[in-house]
Each structure stands twice: as C-alpha cells, then as structure tokens.
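*Asks:* Pasting a structure below so you can have a look.
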Amino acid sequence: MATTKRKGGASGSERTNPRVWLYSILLTLQYGAQPLISKRFTRREVIVTTSVLTCEVAKVAYAVILMARDGSLKKVFSQWTLVGSLTASGLPAAIYALQNSLLQISYKNLDSLTFSMLNQTKVFFTALFTYIILRQKQSIQQIGALFLLITAAVLLSIGEGSSKGSSSSDPEQILFYGIIPVLVASVLSGLASALCQWASQVKKHSSYLMTVEMSVVGSLCLLASTTKSPDGEAIRQHGYFYGWTPLTMIPVLANALGGILVGLVTSYAGGVRKGFVNVSALLVTALLQFLFEGKAPSMYCLVALPLVMSSISIYQKYPYQVKKKES
C-alpha cells in the first residue's frame, strides 16, 4: 500500500500526481491573495473573533458539500467514533490553538522582521517530526532545498522591512516573551502538521472530515474564550456582525477555502511541501501588490524568486531513495 512506500520518501507517482500540483498552486494563490483581499473588504470595525468563527462554519459547510459530492458523506459519518476523532483531529487542533496563542504573545514582543524569520523554522521542525512519526526521510538534496527555502523566506522578510518595533527594550522580556514563544510555536506547528499527515496517510482519515473536526474544536475554543476576552465583550455590546458588509464574506469564504486546501495538500503532498507553499505565497503577495497597488517588489524579493523556484525543483527532483540491501 502507499503507506509502506512513504516510509522511504515520496513515491514517483505522488510527485507527479497532478492533484498535488493543483492543490498546491491553488493554496499558494489563496495564501498570496488573502492579505490583499482581507485589507480591501474587511473594515477595521469588524470583530476578529466573528470573522474567524464564520470562517470555521464556512469550512464545515465546504467540507460537507464536497463529501456529499464525492459520495463519501454517509460512509464517513457512519464510521465516525469519538475516540478516532480525538486521536486524529483533537490533538492537532489543541496544538494549533496553543501555537496561535504563543504566536500572539511573541508578535507583541518582537519586531516583525525577527518574528517572520524565526517563524520560518517551522519548515525544519515539520521535516523533523515527519521523520520521527512517519519515518519519512529527506535526501541530502532535499535538505539543501529546505535551506534554500529558508534563505528565500529570510530575504522576503527583510524585504518587507521592520514595520513594527518591539514593544519592550528589556532583553529578558524579548527572550522569554518573544523569541522562545515563536520557537516553541514553530515546534508545535511542525508536530501538528506531522500528526495531520499521519492521520490522513496512515490512518486513512478523510481530510474533509479532519477539517470538520478541527473546525468544531477550534470554534468551541473560540466560543469559550469569548466569555472573558475583549472580543467577547465587543460582541455582547455591539452584536456579532458589527462592522460587517456583504463584501466581508469574500475574505471569509476565501480563507475557508484555504483551510480545505491545506487539508488536501497535507494529505496528498505532506506537511513539508506545505512550507514551500507558504514561502511561495509571499512572492504571490508581492506580485499582486505590484499589479493592484503599484508597489514594486524589493530587490530582496527578486533575489528570493529564483531561490524558491530552485528549492521547489530540487526537492521534487531528488527524493530520498531507499537503499536496497545486498543479497
């Protein structure tokens, strides 16, 4: 079965599977366009929690529609168990929730450049946990490709510039409330990504079902947080759809579609390749900013472009090869 092939690395059929490229390209475009779409169609008055919750509901709707379309809806839910759900989706969902909290803490105590660069280390941690959990090894060339990718990500971060200074000049606060949280968040991101890949590829858990389960868990956590959070108070005071317009649904639905694509990319291509999508999306954002806002890409962006292209090509071309034992 495909599971045994993955032990040594990606199979040739997986690397050339058109669906892998289709989902990866669509997710890259969604990630790249999302910042501009959100900026254009989301008013400042919109309460963040309401847009996130609506996005999670939209993800569930997308997933259910897609399962009904491919005929797997009835089978998936007839075989659903609470234990299986918690094993496949509960732990990754909890890990992602903790990761997001750590990122919020870190972002408040680091300048955006340092934050962006440290946040890129999640690619390495994803590769590490993929090896530990799935025994999926990387070739020397693929490891080199990951270093190229990180270099490109750092260049893109520098190109963005430091738009936000650290909120504190205390070195200890920067270390314990800035650097350490973002590094721990990167470790957790790699672990959660590997667990999702394990659930979809080894346990054969439907990516659509995982999306539903993780959205439900995430929504429950968000709803619980509204009891004491500023967003919860704002919702009670102004109403759930405060600041919304019909156009606000555009970034919400686009973000929800991205959530579906993340599950498909992880299922078909693995968590490491999702890292290539994340960095490639930065280039898409720079291109869209040039086309629609007239903001020319920086020299760092132009240098990063061939690095990203080279890293993708090398990673795809030189998978890890299982050495045959001599007879």
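Just so you know, the numbers here start at 1 and follow the chain as drawn.
A Cβ is built for glycine as well, from the same backbone N, Cα and C atoms used for every other residue.
TrEMBL labels come from automatic prediction, so no person has curated them.
Features from TrEMBL:
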{"type": "TRANSMEM", "residues": "20-37", "note": "transmembrane segment"}
{"type": "TRANSMEM", "residues": "49-68", "note": "transmembrane segment"}
{"type": "TRANSMEM", "residues": "80-97", "note": "transmembrane segment"}
{"type": "TRANSMEM", "residues": "117-134", "note": "transmembrane segment"}
{"type": "TRANSMEM", "residues": "143-162", "note": "transmembrane segment"}
{"type": "TRANSMEM", "residues": "174-196", "note": "transmembrane segment"}
{"type": "TRANSMEM", "residues": "208-227", "note": "transmembrane segment"}
{"type": "TRANSMEM", "residues": "247-268", "note": "transmembrane segment"}
{"type": "TRANSMEM", "residues": "275-291", "note": "transmembrane segment"}
{"type": "TRANSMEM", "residues": "297-315", "note": "transmembrane segment"}
*Asks:* Please give the sequence-distant neighbours of the transmembrane segment (20-37): residues at least 6 beyond its ends with Cβ less than 8 Å from one of its Cβ atoms.
*Replies:* 14, 250-251, 254-255, 257-258, 261-262, 264-265, 268-269, 273-274, 276-278, 280-285, 287-289, 292-293
*Asks:* Residues sitting near the transmembrane segment (297-315): Cβ under 8 Å, six or more positions beyond its termini, same chain?
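*Replies:* For the transmembrane segment (297-315), the far contacts come to 141-142, 144-146, 148-149, 151-153, 155-156, 158-159, 273, 276, 279-280, 282-283, 286-287, 289-290.
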*Asks:* Look at every Cβ pair spanning the transmembrane segment (117-134) and the transmembrane segment (143-162), keep those 6 or more apart in sequence, and say whether at least 3 of them are under 8 Å.
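*Replies:* Between the transmembrane segment (117-134) and the transmembrane segment (143-162), contact is present.
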*Asks:* Taking residues 6+ outside the transmembrane segment (208-227), which of them lie with a CB under 8 Å of any CB in it?
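*Replies:* Apart from its flanks, the transmembrane segment (208-227) reaches 49, 52-53, 56-57, 59-60, 62-64, 66-67, 72, 76, 80, 85, 88-90, 92-94, 96-97, 196, 199-200, 235, 259-260, 263.
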*Asks:* Are there 3 or more C-beta pairs under 8 Å linking the transmembrane segment (80-97) with the transmembrane segment (275-291), counting only pairs at least 6 apart in sequence?
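*Replies:* Not in contact, no.
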*Asks:* Do any residues of this chain, six or more beyond the ends of the transmembrane segment (143-162), have a C-beta under 8 angstroms from a C-beta of it, and if so which?
*Replies:* 111-114, 116-117, 120-121, 123-124, 127, 272, 275-276, 278-279, 282-283, 286, 297-301, 303-305, 307-308, 310-312, 314-315, 318
